[in-house]
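S.K.: Reproduced below are the annotations present in TrEMBL:
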{"type": "REGION", "residues": "1-65", "note": "region 'Disordered'"}
{"type": "COMPBIAS", "residues": "23-43", "note": "compositional bias 'Basic and acidic residues'"}
{"type": "COMPBIAS", "residues": "44-56", "note": "compositional bias 'Gly residues'"}
{"type": "TRANSMEM", "residues": "110-130", "note": "transmembrane segment"}
{"type": "TRANSMEM", "residues": "142-169", "note": "transmembrane segment"}
{"type": "TRANSMEM", "residues": "189-209", "note": "transmembrane segment"}
{"type": "TRANSMEM", "residues": "242-260", "note": "transmembrane segment"}
{"type": "TRANSMEM", "residues": "266-287", "note": "transmembrane segment"}
{"type": "TRANSMEM", "residues": "325-347", "note": "transmembrane segment"}
{"type": "TRANSMEM", "residues": "367-386", "note": "transmembrane segment"}
{"type": "TRANSMEM", "residues": "438-460", "note": "transmembrane segment"}
{"type": "TRANSMEM", "residues": "466-488", "note": "transmembrane segment"}
{"type": "REGION", "residues": "518-554", "note": "region 'Disordered'"}
{"type": "COMPBIAS", "residues": "544-554", "note": "compositional bias 'Basic and acidic residues'"}
{"type": "TRANSMEM", "residues": "571-591", "note": "transmembrane segment"}
{"type": "TRANSMEM", "residues": "611-632", "note": "transmembrane segment"}
Amino acid sequence: MTFPSTVEPDSDSASQRAWPIRPSERGRRPSQKSQREQLEQDGRGGSATRGNGSGKAGDANEGTAKNRMSTLDLINLSISMGGSQVAWTVELGYGTPFLLDLGLTEQLTSLVWLAGPISGLIAQPVIGAISDASTSKYRRRYWIVTSTIVLVISTLTIAYCREIAAFFVDLLGGGAGSWDPKYGKSVQNTAIGFAIVSFYLLDFALNALQASLRNLLLDVTPPEQLNAANAWHSRMINAGNIVGYGFGFLPLANLPILRLLGGSQFRKFCVVCMIILSVTVWITCWTQEEQERPQRRIEKGNSMRDVFKGIYTTILSLPKPIRRVCYVQVFAFMGWFPFLFYSTTYIGQVMAYELDREPDHDLATRTGAFAMLLYSIVAVAAGTLLPHLTRRDTRLLAHEGDEDEDAELSRLRAQVREWRAEAARHGKPLRLPYMPFFLRNIWTGALLLFTFLTLMTFFVTTVWQAIILVSLVGICWAVACWAPFAIIMEFLKEREGESSTEGEAAARAWLRRPSHSRTLSTPAVRRNSRQGEGERAPLLQRRRSFDQHDPHAKPEAEAVAGGTVLGIHNLAIVMPQFIVALVSSAIFRIVDADTEDDPSNNNALYGKNGVAWVLRFGGMCTLFGAFIARMVPPTRTEKEMRRRLAELKVLQEEGTP
């Protein structure tokens, strides 16, 4: 990885801190390279200095040095994640009431919601593996657009399922009239069938869409801005929740234009969500640009058998840091799924406890939705503020010219002398940069906070206390949508950097070998660089020939399958849902057994406390997750920053009189 000789300030507060460059330093450049290194750089065709002239984000996987993304670039990249989350609210907030209104039983409704974990197990890793194998410059955006099209069609089918069902029954029903009781039953059953199939398509499309958006972020974002990009994704997810739940509260049926659509509030909400989704996806696909990836000789066919074999191989060969992140996610989402499923029900049970009777169900539902709205607002605020704690001071990052430890130490020593002189001129003590919080520390703290809040349910007795508790969980959710993804993507970028630099390091080592070629030893070549093209080409050809036939040459490193790894990470998120379903059923059976077995008790909320115990179970799981999170090692960048800060402290003490 190469670093720019001058670091421009970044307008995004969630990214790296800008290091102010003095005018006298702007003209500085590293010492002149040796002839062999210059030949090597020219032989690479200057690929390390090509930028994205179009102003759009380029491909980060090809080892090209790119301009830093502005805040507007990060917003354009992440805004479609907010649109996808708005689409999620169609299912999460309003799907169950709609299916029950169609006439589906509660047991069948629970089977419909199996679409979520099933699609998460299949769609994300498969789409990631297929797009990883593609060499097209549209390999991520193709799946983004395809998923969006399927999502729009399935959602509109749900919104108009009764009308569509009536059309097909009229077409194929043999001329039965609307007065025939069998006609109404046929329309209802057909509408239920369309709704179930559409909800499954919606789940698969949403998982594919969000997976492709994560993969696109990994591809186009510079390594040093992955933290900022994932923070923006987290903000957009929670902003999408706010927009979705907010539109659900608005009386859409009274709006002039939407009134023409007819139907219920749910239909108008679906149409509005699909408009938002389409606009946001168009913004992302139009403003982001991928690059074609050359076919690697290690790649195999793209059949489904190869795809699943690649996923299986990647699971077995996951790097230890990424594997530990997945372990943490298993326990973390054993705590998150109970909260996401039952938080509104918990508000209703607390309301019943406070009133000492069965509350009005509409009031309880609205109160729970209000708590979730506050939860989303808190999550947006936390997602905006918390990344400041991990903002990295560029003075602790690597600089161009740090070819070895001696060169870096010399630079740090000169830097300390300059800072000391600058501080003396202003009459202030020398202050070194601060080490930011590690991402794993923020993540661990959020998991511990979640455990604390769930255990506080022992002391919650009023509705407002429950609302405050649910709202504070938004802090933990903001971290859950940001930190683990940033950690994994940073590890992936480091592995990609290692793979790309191994070949360059080997080439530099060979070029430094004693050579009998007069092309390297003749000083005239250095003095007359214009002769380089004719003389360098044979040298580079000989270097490639040597690499191909040297028995000690290291084989080509396999490329990191970023999309596949992110899909496997999603498996760790989805799998706990099945465990939580079984454990929750057992807890409900044990805690609420007396109420359920009483035939005279028809209360849905009063006298029940099972949800609180399910939340506490989830809190204990996140406690285990926090313990495992301490085993996730810092990234290489974080380790190097910590080492440089320690060296700066030693150099500061050496110069102190």
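Residue positions begin at 1 at the first shown residue.
Heads up, the Cβ atoms here are built off N, Cα and C, so glycines get one too.
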S.K.: Which one of these stretches, 142-169, 242-260, 325-347, 367-386, 466-488, has the most C-beta pairs shorter than 8 Å to the transmembrane segment (611-632)?
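M.R.: That would be 325-347.
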S.K.: Where else in the chain does the transmembrane segment (142-169) make close Cβ contacts, counting only residues six or more beyond its ends and a cut-off under 8 Å?
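M.R.: Distal contacts: 80, 87, 90, 98, 102, 127, 130-131, 134, 136, 176, 183, 186-188, 190-191, 193-195, 198-199, 201-202, 204-206, 208-209, 211-213, 216, 263, 266-267, 270-271, 273-274, 277-278, 281, 284-285.
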S.K.: With the transmembrane segment (242-260) as the reference, which stretch in 189-209, 266-287, 325-347, 438-460, 466-488 has the largest tally of C-beta pairs below 8 Å?
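M.R.: Stretch with maximum Cβ contacts: 266-287.
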S.K.: Is the count of Cβ pairs under 8 Å between the transmembrane segment (367-386) and the transmembrane segment (466-488), pairs 6 or more apart in sequence, 3 or more?
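M.R.: Answer yes, regions in contact.
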S.K.: Which listed stretch (266-287, 438-460, 466-488, 571-591) has the most C-beta pairs under 8 A with the transmembrane segment (325-347)?
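M.R.: Selected stretch: 571-591, with the most Cβ pairs under 8 Å.
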S.K.: Which residues of the chain, 6 or more past the ends of the transmembrane segment (266-287), have a CB below 8 A from one of its CBs?
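M.R.: Distant contacts of the transmembrane segment (266-287): 56-57, 73, 76-80, 82-84, 86-87, 89-90, 94, 98, 141, 144-145, 148, 151-152, 155-156, 158-160, 209, 213, 216, 243-244, 247-248, 252-253, 255, 258.
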